[in-house]
Amino acid sequence: MKNLLGSSVKDLENVALEYGQAAFRGRQIHNWIYNYRNKKKSIDQIEALPLDFRKKLKDDGFKLSELSVQERNLANDGTLKLLLSANDNESIECVGIPTEKRLTACLSSQVGCPMDCKFCATGKEGLKRSLKASEILDQILFIENEMNRKVTNIVFMGMGEPLLNIDDLLVSIRSINKDFQISQRKITVSTVAVPKMINKLSAKSFQILGNCQFTLAISLHASNQKIRETIIPSAKNYEIENIIEDCKQYVRDTGRRVSFEYLMLSGVNDKLEHANELSNLLRGFQCHVNLIQYNQIDEVEFQRTSLKSLQSFQSRLSHNGIAVSLRKSRGLDKNAACGQLRQNANHQ
């Protein structure tokens, strides 16, 4: 299988030359994929190419897509969740989140997830495999084709732990930036935090991308190690203080502030003492806290914190000098919101 999605202009020019074609034929393929964002996903439909060239590419196994739409779910607020099927019959979920001026694509980086966060549906079925860069990028094209508009923002907040698929993650970010023409500053990578991988992310970003301008979002969800271990089992391998130190180094290396995701769970992490503890943990470096309301999933007994507690928590962080905002959930009625994605069509 040779997927052309994610290939650079130079790569595609080389493909053309290998088949005895002029280099500009490679640029025509690139334009077909990225500039036109064409719904025609077969090599033999690239009308700008000579028929015999198209046939040879197809016969030799070249493809523009390895995914197909298995299911569509449109929420009342316009959010679209797609269940995509890969060649190996594994399922991938992605979400298109529209506003008047933006279309945000929430992308998956793995089939399933190994982190087993207790509040998240994705990890309930474990990790099947990591996605190839082409499969990550194809999610953008499917969202664009289904919603008939171009994606403007990217969040890696779908299925999987992005830093456990770091090479394909960064290759896809490079293509999103260079080929899809989406600024790195409009890309967010969310991670539950994996030992040594925050430092590796900044180093490999400079190596593969030449810089590191996307936003790093840490799924912290706790103000101390004890609470974090109860809701995120993998936290036992990565002390919360070490995460913060690695984030401070990340800021020094990249010049970019870090975002911290904080899921408000009633009676677990939503008291004012937790807000004060979180303030002490984060004080003194460039960061921002996103408070997230819990979205109910099956088989989990956590409850959403009250609006009063949420507002008090937000006010306390702000009073303590911590930049904070409340992230609005989208697509709740179709299980397309934060923490609700899973690979099984039976859970729609």
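One is the number of the first residue shown, and numbering goes on along the chain from there.
Even glycines carry a Cβ here, placed using N, Cα and C.
In the three-state DSSP scheme, E93 (active site, proton acceptor) is classed as strand. Per Swiss-Prot, the feature active site, proton acceptor maps to E93.
The feature active site, S-methylcysteine intermediate is assigned by Swiss-Prot to C338, with sequence analysis given as support.
Marked as [4Fe-4S] cluster binding site by Swiss-Prot: C113, C117, C120. Its Cβ placed at the centre, C120 ([4Fe-4S] cluster binding site) has 24 other Cβ atoms within 10 Å.
As annotated by Swiss-Prot, S-adenosyl-L-methionine binding site applies to G160, E161, S190, S219, L220, H221, N295, with the evidence given as sequence analysis. In sequence order, C117, F119, R228, I231, I232, E261, Y262, L263, L265, N269 are the residues near H221 (S-adenosyl-L-methionine binding site), counting only same-chain partners six or more apart with C-beta under 8 A.
Cβ contacts within 10 Å of C106 (disulfide bond), excluding its own Cβ and spanning all protein chains shown: 28. Swiss-Prot lists C106-C338 with the feature disulfide bond, giving sequence analysis as the kind of evidence.
For 99-333, the entry in Swiss-Prot reads domain 'Radical SAM core', with the evidence type sequence analysis.
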- recorded positions C106, C113, C120: which have a Cα within 10 Å of G160 (S-adenosyl-L-methionine binding site)? C113
- Task: Among G160, E161, S190, S219, L220, H221, N295, the annotated S-adenosyl-L-methionine contacts, find the widest CA pair distance and round it to a whole Å.
- Result: 19
- Task: Determine, to the nearest whole angstrom, how far the Cα atom of E161 (S-adenosyl-L-methionine binding site) is from the Cα atom of C120 ([4Fe-4S] cluster binding site).
- Result: 12
- Note on the structure: Spacing of the two Cα atoms, N295 (S-adenosyl-L-methionine binding site) and C120 ([4Fe-4S] cluster binding site), in whole angstrom, works out to 9
- E161 (S-adenosyl-L-methionine binding site): tally of other CB atoms within 10 A of its CB: 28
- Note on the structure: Ranked by how many other Cβ atoms lie within 10 Å of their Cβ, the binding-site residues S190, S219, N295 are led by S219
